[in-house]
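*Asks:* Okay, handing you the structure first.
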Amino acid sequence: MVRNHHHHLWYDVYAELNRKTKAMMKLIETEADSFAQRAEMYYKKRPELINMVQDSYKAQRSLLEQFDQLQSENRTRLPRLSLSPTSSSVSDHYYDRGGKRSTTMSLSSDDDHHEPFDCKSTISSGMGDGDQDQIQTYDRCRQSTSSSHSELFHDGVVVEDSDSGAESEVDDPVVEDEAISANTGFAAQVENVEKEYDEVVKKLKEEVEQVKEENRLLKEQLWQKDEEKREVIRQLSSANVEREYDEVEKKLNLKAEVEELKEENRLQKEQLSQKDEEKREVIRQLSSAMEILRLENAEARKLKKKKKKQQNDMAEERSSEKRSHHRVSSELEKLKDSIFTKLFQGSPISKGRVTVL
């Protein structure tokens, strides 16, 4: 049951490695219409590709750790396992079906070739260098992480140290055959993954070399174009010296004319300011004269009103005198009529005489 669980984990990690490898291949094999587009795509996708390689390293290390765990579990299942107490080498025994012990190999921790190597720190420290350095770092990481495990196998089986002198017999050959077949399949998978990584690295190197060559050609073309531009600038400079001299002379003449116009403008402004002052003085004099006339006009109106009032008073007096005279005249007439009426009221002859008269 535990073995099936580990197999599922191996297949999941292996599928993840295949997926990441295909993603890296797709990222690398993207085509473009021109070199500039390819270079732009390469520099844009470079961080993503580095992250993919780091993730692949992590997955590969996880796969190898699970392989180590399976090896340790298989060793615990195999009876009479002997491990030399004076050596730190990892050894396993196997026998063929004839019961004879096969040739053995040892993996010693004292060997300099198997010294531990930290892939993650190496990649992180190499991210600031060039692309060629990062690819070399990838090679060293892959070799260091896989060498300690690939040397455990010889023709698909695990081998033991020939100098250990420990000889053990396997009580259960069926269990050992199953473990050997499982380890053989896993080793083949690891080898396939390493081949795919080798292809990816090879393509990366080719792409980097191509980009470097194209970059060199572009630099040469740019340098040639810059030289042509400088030559054209020199020719234009020599051809435009006389024209520039004429333009400078024209500018100087225009500057002198501008100064003359400025001086004339200043004199005109002074004359205008003087005329404005004279106008203001005339306006002040006119304002004072208008004030005097306004006061005289007010006095004349007052006198006119007073005279008119006197005339009205005199006219009222005259009218009152006329009314009184008319009233006296009417009273006299009435008195006269009454006297005549009284005098001539008795005799009609006298009345007739009075009428004749």
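Backbone N, Cα and C define each Cβ position, glycine as well.
For 1-74, the entry in TrEMBL reads domain 'NAB'. Residues or ranges marked as region 'Disordered' in TrEMBL: 75-171, 301-332. If you look up TrEMBL, you'll see 79-89 marked as compositional bias 'Low complexity'. Residues or ranges marked as compositional bias 'Polar residues' by TrEMBL: 133-150. As annotated by TrEMBL, compositional bias 'Acidic residues' applies to 158-171. Per TrEMBL, the feature compositional bias 'Basic and acidic residues' maps to 315-332.
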*Asks:* Could you count the residues of the compositional bias 'Basic and acidic residues' (315-332) that DSSP puts in helix, in strand and in coil?
*Replies:* 18 helix, 0 strand, 0 coil
*Asks:* To what whole number does the mean pLDDT across the domain 'NAB' (1-74) round?
*Replies:* 70
